[in-house]
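*Asks:* Pulled from TrEMBL, these are the listed features:
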type: REPEAT; residues: 248-282; note: repeat 'PPR'
type: REPEAT; residues: 318-352; note: repeat 'PPR'
type: REPEAT; residues: 385-419; note: repeat 'PPR'
type: REPEAT; residues: 420-454; note: repeat 'PPR'
type: REPEAT; residues: 455-489; note: repeat 'PPR'
type: REPEAT; residues: 490-524; note: repeat 'PPR'
type: REPEAT; residues: 525-559; note: repeat 'PPR'
type: REPEAT; residues: 560-594; note: repeat 'PPR'
type: REPEAT; residues: 595-629; note: repeat 'PPR'
type: REPEAT; residues: 630-664; note: repeat 'PPR'
Amino acid sequence: MRASFSIVNVVSTRLKLILRRRTRSRFFSSTRSALPSSSFLKEEVFLLEDSTSLDDLLPNPECIWGESAECNELVSEFVDKYSSIYEHENSENDELKRIKSVLRNCGWNIGSETGYKIDLDQHNVIRILNDLFLESSDAAVALYFFRWSENCIGLKHTSRSICMMIHILIAGNMNYRAMELIQYLVRSNKREVSWHNLLLRVFFETHTERRILVTAYSMLVDCCVKEDMVNVAFQLTCQMKHLNIFPSLRVCNSLLRALLRSEQSKLAWDLLEEMQNQGIVLNASIISLFIHKYCSEGNLGMGLTLLMEIKNLGINPDIVSYSIVIDSLCKICHLKEATSMLLKLTQIGISLDSVSVSSLIDGYCKVGKFEKAICLLKVLSIPPNIYIYNSLLSKLCTDSNMAAAADVFQDMFELGLHPDSFSYTTIIGGYCKNGEIKKAFNFLGKMLKGGINESVATCTMLMNGYCKSGNLGMAAHLFQKMLTEGLVPDIVAYNTLMDGYGKKGHLHKAFELLDRMRSAGVSPDIVTYNTIIHSLVLRGFVNEAMDMLDELIRRGFSPDVVTFTNIVGAFSNKGNFKEAFLLWYYMSEHGMKPDVVACSGLLNGYCRLHRMEEANALFCEMLDIGLVPDLILYNTLIHGFSSVGSIDDACRLVNMMVERGVIPNEVTYRALVLGYEKKWVKNPVEAAGFKLRQILQKHGICSEADLYLTKM
């Protein structure tokens, strides 16, 4: 596509894509001039380190050793030191015989009758490699000599001999072996200054055919990308330009992807421009890399604009391009726009795939619109796949709608789909969440019968279910079973069992598990410390909880809201409101917004001690910082006021909670009854019922509390 047009600046002038042929590109404006024309290169020997030898990369030929000086010989010369190899005629393998035969045909005097010795210096090695390949047309023969000369006589190959071998391997269609040698050179010398410029020169000076040189350069760039040396790969591409050589389309795509991944968008755009200048036809898959980059950064507007621009300029976006945008729309809950785009694709003749539909189905499931997801699935008539059904399954299990989840699971079998590990783990987790451990275990049995091994996540789900049901023995058994079967428990598995022990008061087992976790090389995280702190608080060990807080900070963790909520509640329960308040204010001052649970713990402590003035002040401050009280918090405060006979304050709070959409329940009603009893009202039950009904009728609400009143 060499039409003279350009993609206009997209929002930012730095985001430009020039789709036209140019005589000169700004792409290389900051690079060095062309490579020096000198054919001489200061000798650079790539020494083979003991830890990373070429032996590890290529198969070793058999070394043939002899004892008689009468046999034919090749002598290696390296750093003024000769190493002679004498080989018995009857002990040579077929490859060495073939090599000798080829070399004799090429005029090399290696017969035993002449006693002629060949010095295997760099010059002769390169000549021999060339002659072997040209005469035999078999790169494997040259490779055998290359490896034999290194392994059997200790020859240290130079950069030139290695590059020559790479050229021969490419010419002989042994690209995978050539790539291994290039990879070795890159890994061995990446810490040297300007090594890539040297290597580029040596490749150029040892090449005999331009086509092979182009392939070698592309491999070098590709290898640098794979080794995460993106800037070096880019610099090599710049240098190649001066030789009128450019990497292949596949390598360019890899480099583009790497530049975008490393937050170097400007260089990626420059490379894209140069690709067009080099005559590479840009297509939707290339532009999709940029669309994905912007969408993944949350810059959906840029992604959409780019999608529209390339369409206007003659590049037809494919389903992949649209799927990226649709998925991004779904992630920010713009489901209407995503649906509209998907339906429009069917109108313009683009066939939908499972990825685009799965994104939309998953989006509707995540916002609770399960029926809409099912309806859309029927309308689009897309063949069902495991990903779509996993989205449906995940939503139903999250909502604890296990009857529907079981139906969907059965539908998968009837449609010929085979549930995977994620499917089983999801439904097992759903049943565990509902406390239906037996059904969860039944699905584990089906999973194993289906040939799917349980994962750490599956076992952790079941452990969590058993911990919540109080069956710590079974939870511990599952944990041990993981170890027996070779599964490595992760931090979540350890934290789950530790939480179970802590809530049951088995602190010694919780700490034993903590030690075991550290011995296994699994480092505690903030959840681990919060679990231990919560366990200590439940048993009243406040000082020990503070010690764990100190350790948490020493190990470089930052306490979160959960950490402070546990300790604030502990101090409140002990009546130590000074410490509780200090921690509460510490949270606010350090950017941690106290949650309702933290406030509830402090309020509960004040109310238990009938310190209602302080409780009310804290409640007001809580409202000021934007916290939304829940039913439990309202009931705590209403009960507190009622217990000291402040029925007017209690009724004021009931009115406030109803105004804010929090519906009173039986606990609220009983708290009001207590308040009227404290005021010595003649019939407190009737008075509380009348007041509550009055407040409800004022706001036009019939609630659970109203039902209790009708039963009186």
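Backbone N, Cα and C define each Cβ position, glycine as well.
A TrEMBL annotation is a machine prediction, not a hand-curated record.
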*Asks:* Can you tell me how the residues of the repeat 'PPR' (560-594) break down into helix, strand and coil by DSSP?
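*Replies:* The breakdown for the repeat 'PPR' (560-594) reads 26 helix, 0 strand, 9 coil.
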*Asks:* What else in the chain is close to the repeat 'PPR' (318-352), if you only count residues 6 or more beyond its ends and a Cβ gap under 8 Å?
*Replies:* 284-285, 287-288, 291-292, 295-296, 300, 303-304, 307, 359-360, 362-364, 367, 369, 376, 380, 382
*Asks:* Can you work out the mean pLDDT of the predicted model over the repeat 'PPR' (630-664)?
*Replies:* 89
*Asks:* Would you mind listing the long-range same-chain contacts of the repeat 'PPR' (595-629), meaning Cβ under 8 Å and 6+ residues beyond its ends?
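*Replies:* Long-range Cβ neighbours of the repeat 'PPR' (595-629): 561, 564-565, 568-569, 571-573, 575, 577, 580-581, 584, 587-588, 636-637, 639-641, 643-644, 646, 649, 657, 660, 662.
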*Asks:* Report, as numbers and ranges, every residue of the chain located at least six residues beyond the repeat 'PPR' (420-454) whose Cβ falls under 8 Å of a Cβ in that stretch; write 'none' if there are none.
*Replies:* 386, 389-390, 393-394, 396-398, 400, 402, 405-406, 409, 412, 461-462, 464-466, 468-469, 471, 487
*Asks:* By DSSP, what is the split of the repeat 'PPR' (490-524) into helix, strand and coil residues?
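*Replies:* The breakdown for the repeat 'PPR' (490-524) reads 26 helix, 0 strand, 9 coil.
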